[in-house]
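Here the structure is laid out as structure tokens; the discussion comes afterwards.
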Amino acid sequence: MSEDLDLNKIREKITKLDQQLLELFAQRRSLTLSVAKSKAHQIRPVRDQQREQELLIRLINQGKVLGLDAHYVTSVYQTIIEDSVLNQQAYLQTLANPNIQVPTVSVAFLGNKGSYSYLASHRYFSRRAAKINEYGCQSFKEIMQQVESGHVDYGMLPIENTSSGSINEVYDALQHTNLSIVGEITQPIEHCLLTAVNTQLSKIKTIYAHGQPFTQCSNFLDKQKNIRIEYCDSTADAMAQAYELQDPTVAVIGSEEGGHLYKLHALEKSIANQAENHSRFILVARKPIDVAEQIPAKTALILATGQKAGALVDCLIILKAKGINMCKLESRPIQGRPWEEMFYIDVEANLKSAVLQEAINEITSITNFIKILGCYPIEHISPTSVPSSAINA
Ligand SMILES: O=C(O)C(=O)C[C@]1(C(=O)O)C=C[C@@H](O)C=C1
């Protein structure tokens with residue numbers, strides 16, 4: 001066989017190239033860290049979308065000469081830039097909060113190894129170069145108690161999901177805690193039907209899962225006939241049960257990545273109602289943090305207005321007048337005060353900024369109750385788009 005067609009030889013060459021690519025990615029990453037140091041010095045924002053757009057257009061054109069598709073080049077570089085921005089943000093945050101640099105952090109989350117909260121915790125701290133001491137909990141309440149009592153440093157809590165909406169239990173718990181929100185992370189939720197042994201969908205009689213994944217996969221589950229549903233406290237508990245049973249009639253709903261930790265494999269992939277399914281998690285700690293000026297920040301607050309006509313609108317008008325963007329508004333009943341609501345508001349502004357301080361002062365004067373839940377870096381990096389003329393030229 002000619003050397004050009006020898007599969008092993010071709011794969012060896014690919015492996016070598018991939019290694020070189022990784023080395024180049026690492027070199028690029030360390031250069032962007034130098035950029036962050038320079039920006040810290042000059043107090044310039046991390047994000048420069050004009051530079052990103054110029055860079056993307058140049059790379060699309062260079063890629064075309066090499067026979068690379070414009071969409072492919074754009075998507076690869078959007079991922080690289082997202083990583084670059086998040087890494088720079090994480091670095092600037094270490095400068096803004098020198099008192100909380102620790103090599104090991106302890107984190108409480110729902111479930112055990114493999115739960116979505118476990119995966120979110122690991123993803124969040126992987127960028128912050130910290131080793132994690134994991135503390136799996138059975139309820140959101142337990143997570144908050146572990147942080148409040150000082151037993152762990154942080155708690156990771158899911159707050160909303162793109163298909164099943166807000167997680168009310170977490171919103172309610174935030175009313176009664178002194179903890180601060182210090183971070184967020186959006187985790188893609190890729191529900192699969194996982195099994196411990198080789199089997200077929202037609203043989204499955206029982207499916208174990210946490211309530212949230214059940215809701216999010218209702219279309220797939222409705223189509224399965226004669227299947228018993230067993231609710232579990234967490235996805236990780238469900239996976240542990242399936243591993244212990246080693247039963248061809250048992251399946252669980254969870255992520256493929258989490259399932260690997262329990263030696264489970266995917267019988268069916270992408271079973272969620274919505275193909276794009278993401279959960280947003282918040283990280284809570286006992287003390288608030290400072291957010292560096294160069295980083296886009298979000299501030300979360302709750303307020304109660306009483307039952308005055310237009311009282312909420314008056315608060316929102318203050319935000320509008322100051323040019324502060326509100327990115328979330330949620331309402332929850334106040335325990336013991338029938339028909340009164342507590343409003344949860346997320347705004348895209350740094351708590352230290354004069355404009356937000358002024359807005360908070362004005363809102364305080366027209367509300368019965370206001371509490372700042374925390375200020376933290378915005379982790380969602382919206383990709384810079386390139387003009388379609390550059391892609392189609
Ligand atoms: O050149 C910069 O200013 C960078 O921060 C680097 C970089 C990149 O990774 O290329 C990242 C973020 C900016 O929005 C633009 C470009």
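Using N, Cα and C of the backbone, Cβ positions are placed for all residues, glycine too.
Note: TrEMBL annotation is automatic and uncurated.
According to TrEMBL, the protein has these features:
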BINDING   R11, R28, K39, D48, E52, S84, Q88  substrate binding site
DOMAIN    1-92  domain 'Chorismate mutase'
DOMAIN    106-286  domain 'Prephenate dehydratase'
DOMAIN    300-377  domain 'ACT'
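Mapped onto this structure are the features recorded in TrEMBL.
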residue : record                 : Cβ contacts under 8 Å, 6 or more apart
R11     : substrate binding site : none
R28     : substrate binding site : I80, S84
K39     : substrate binding site : P45, V46, Q88, L92, Q294
D48     : substrate binding site : none
E52     : substrate binding site : I81, T384
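Close to ligand 1, meaning a Cβ under 6 Å from one of its atoms, are these of the binding-site residues R11, R28, K39, S84: S84.
Looking just at the domain 'Prephenate dehydratase' (106-286), the mean pLDDT is 92. The DSSP breakdown of the domain 'Chorismate mutase' (1-92), given as helix, strand and coil counts, is 79 helix, 0 strand, 13 coil. For the binding site of substrate, formed by R11, R28, K39, D48, E52, S84, Q88 according to the record, the largest Cα to Cα distance is 41 Å, rounded to a whole number. Note: the domain 'ACT' (300-377) comprises 22 helix, 34 strand, 22 coil (DSSP; helix = H, G, I, strand = E, B). The number of other CB atoms found within 10 A of the CB of Q88 (substrate binding site), across every protein chain shown, is 23.
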